[in-house]
Amino acid sequence: MLELLGNHTVQTVTLGAVLLGMVSGLLGSFAVLRQQSLLGDTLAHAALPGVCIGFLIAGTRHLGWIMAGALVTAVIAALFVQVVTRYSRIKMDAGLGAALSVSFAVGVVLLTYIQGHASASQGGLDSFLFGQAAATRPSDLWFMGGVTLAAMALVALMWKQLKLVTFDPLFAGSIGLRVGVLETLLTAMIALAVVVGLQMVGVVLMTAMVIAPPVAARQWVSRLEHMVFLAMLMGVISGVVGVLLSAGVAHLATGPVVVLVASALVALSLLLAPGRGVLWSWLKLWREQRSIGQRQMLVTLHKLAEHHEDPYYPVERSMLDSFYGVATSHILRRLQARGFVVPASHMRQEGPHWALTDAGHNEARQELERMDWNQAEV
Amino acid sequence: MQAFLNDPMAMILLTGALVATSGALLGTFLVLQRQSMLSDAISHSIVFGIVVVWLLTHAQSGPLQIAGAALTGVLTVFLTEMVARTRRVKRDAAIGLVFPALFAAGVLLLNLYARDIHIDSHTVLLGEIGFVWLDTMPLAGLEIPQAVVWMTVATLVNLGFVLACYKELKLASFDWQLAAALGLAPTLMFYLLLGLTSVTAVAAFDAVGAVLFIAFVIVPPATAYLLTDRLSLMLLLAVLVGVASTLCGYPLAVRLDVSIGGTMASMTGVFLVLAFVLSPRYGVLGHWLNRRVKYSG
């Protein structure tokens, strides 16, 4: 796969994917933490009319005009959502959905207008809808690089303010920060990231590029600076792996592969991240259930032995089964391995019996003491 | 009758009105339950269902496609709830993680196995209502456009669902806990609602495309929400706004020679802005005037 890197197109696309991963991981982190993940979705759809307007103004597929147009309409859509949700009873979800679908509809109208009217060829406008990584030109890289650098510089300069607005906007407002200005700035920057990614992965998949790397990163770390850094790394990894995979296999579109790699990273992180991983909490739950079963069993056997005034009183397993309502042989076998119970014979025609050992009695007494303590605390 | 069915304009308007009606009936409850973005998620991820059903059966439309779409929609919602229930991811992020992944998988399958068939992601996302009258099927001795047939069925099913489960849907929208406590199965209602949304989306994608369908699901109910407090009236107003958008959109699109579906969907936005400004009780203008009267009086 590495010899692919010698290919000039693949080089360009890979570099583009690196830049896209960095900028979307960086700005997406703030969107996800501020619970505005779907804002990226709305912004991406709302960029479409801007792409068309930029094209109509420039007359050709001039990236600068197209991106400027996309940025403007995306920000307008975001402001629309802000105004409608603040000044009417319409909730965030309906505001986002309305802005998304209506601006996309306007985009479709403009797209068909261009197809029917513009004299110049509309070559490559569709690529903004579905993304066409292979169409990335070396000149586009300068633009993407500039946007990435600008976003990084802005975040570095305003780090403290952005952090405060993200985690505690009320407090930020109370110490005199311009919360509205900062929020609009963040939204505009997310729009910028979305716009940069449009022609690589397309409108729909750009949504995932803003959300997936930060969500994956969040599982591993809990400090903002670590999260932002890791999210950028995750974005770069999904970009590069996705580009190389799609270049290695014929007929694979780049955008979807990049998004699937990012989704796989999220799945892995959700399952395996130390501390937060779902797999670990399942394992812990399972272990606890197992240990509770064993402790209960020890206490039951201990009390039965006390009641019968015979420390080695043999208890029939089928009786334990019906007492617990589940099969208990696996619990008993594990206790046997720990040296707390031994199989005992009682009468020949009856089923298997078990009795506590001395160690088992000790353990059960300790367990009872712990239970007393716990009750005393309550 | 056949003359009516052969008239392109009548068929386009009829299809548009049916899409608007079926979308508004379901959308009203989605907007009230604050789940509008799920319709966006579903309408993207059904691309996956459409491709999988096509690969398995080579059916491009019909009952198998509709069943596949319903399953994909329910799968999308189920996966989203599952991711959100791990409590590691907020619900909005969960939506944004699940549907792009399914969409990407659908596009890739299309890429790999079905490069030269009619269902490219273009058609699914955009659609073109202008051509619905070309694709007809014989029914009861008449040649009826397929889109009209399927949209009529979808509209009737949605209407039947809303009428039959009105009480359940109403309570689930306003007081989920009470609905659950009374045994009105709000979760079942939720999944039925989203299953029907997927079915309607797949029936509508030929006509207006999946993304524009969202406009008819979310925007007219949101507009109606600004105009009334009664659920029954909100349903009626949402349907009216949707149908009015298609009626206003069509001549405009023809005059400008642009996408008809796109113009119809754009018109829903115009109605929303009008309601936002002018609504007697919840409009911005009304609020402003009220405040002026209060302070000057």
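Every residue gets a Cβ built from N, Cα and C, even glycine.
Taken straight from TrEMBL:
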TRANSMEM  A:12-33  transmembrane segment
TRANSMEM  A:38-57  transmembrane segment
TRANSMEM  A:63-84  transmembrane segment
TRANSMEM  A:96-114  transmembrane segment
TRANSMEM  A:141-159  transmembrane segment
TRANSMEM  A:198-216  transmembrane segment
TRANSMEM  A:228-253  transmembrane segment
TRANSMEM  A:259-283  transmembrane segment
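Comparing A:96-114, A:198-216, A:259-283 for CB pairs under 8 angstroms to the transmembrane segment (A:38-57), the maximum falls on A:96-114. In this chain, the transmembrane segment (A:228-253) lies close to the transmembrane segment (A:12-33): three or more C-beta pairs between them fall below 8 angstroms, excluding pairs fewer than 6 positions apart. It is A:198-216 that, among the stretches A:63-84, A:141-159, A:198-216, A:259-283, forms the most Cβ pairs under 8 Å with the transmembrane segment (A:12-33).
Residues 13, 16-17, 20-21, 24-25, 27-29, 31-33, 37-38, 40-41, 44-45, 47-48, 51, 63, 70, 104, 127-133, 135-136, 140, 190, 227, 230-232, 234-235, 238, 254-256, 258-259, 262-263, 265-266, 268-270 of the same chain lie 6+ residues outside the transmembrane segment (A:198-216) yet bring a C-beta within less than 8 angstroms of a C-beta in it.
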